[in-house]
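Notes to accompany the following structure.
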Amino acid sequence: MVRPNSTTRGFVRWRLYGGECLGLPEFSAGVKVNGFACKAETNVTKDDFFFAGLAKPGVMNNTLGSLVTAANVEKIPGLNTLGVSFSRIDYKAGGLNPSHTRPRATEILFVLDGQLDVGFITTAKKLIAKSIKKGEIFVFPKGLVHYQKNSGDKLALVLPAFNSQLLGTFSVAVALLLKNHSIASVQVPTEAVESGLTFCLACICLG
């Protein structure tokens, strides 16, 4: 017998014979943060807990020289309600993962190969920056603007882990420049846009 046990952070946690159910997502449901509707237990398969997408480097055909490959609940349904996800980031020499925030997750980044300049800005406007290399770890606290740049002359590879099944990514520069965004329908002070872009460019150039 499956029955609802409690509601936490906007989603229902289920219990099955005294133990928490797998909670595999039914993607047709509308909630997409930390609580897709549960998939019927009879429909659960081994593939709901498997993803091979991080085995090979992605194709870095963009001007930034980096590519993020996510392994979140949308790729691994078995992550639903577990509060974790994973990624792979490949960088060309000099490649950049520009300033952005993760509104729903803290990130812990492990350097598998290469070396990077990384950093984040605290709410006290203090820069926390460091050069890291193969075998080292750096942490980006939830919600803070941060960046990574390959400071070496060869390819770099990092493996970030997150404490959210669907962490979200927000780039200030991209958000301000999107012409088809709803922001285009309102009057935004020029100073606000310019200062935001200046801040983002400053973060990119740090280190």
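Every residue gets a Cβ built from N, Cα and C, even glycine.
According to TrEMBL, the protein carries these features:
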- 52-184: domain 'Cupin type-1' (DOMAIN)
- N97, E107: oxalate binding site (BINDING)
- H100, E107, H146: Mn(2+) binding site (BINDING)
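In this structure the C-alpha atoms belonging to H100 (Mn(2+) binding site) and E107 (oxalate binding site) are separated by 12 Å. A mean pLDDT of 90 is what the model gives for the domain 'Cupin type-1' (52-184). Secondary structure at H100 (Mn(2+) binding site), taken from DSSP and collapsed to helix, strand or coil, is strand. For H146 (Mn(2+) binding site), the number of other Cβ atoms no farther than 10 Å from its own Cβ, over all displayed protein chains, is 24. For the Mn(2+) site, the Cβ centre of H100, E107, H146 serves as reference, and the other residues of the chain with Cβ at most 8 Å from it are N97, T101, R102, F120, F140, L144, V145, Y147, Q148, T169. Sequence-distant neighbours of E107 (oxalate binding site) (same chain, 6+ residues apart, CB-CB distance under 8 A): V139, F140, H146, P160, A161, F162, L167.
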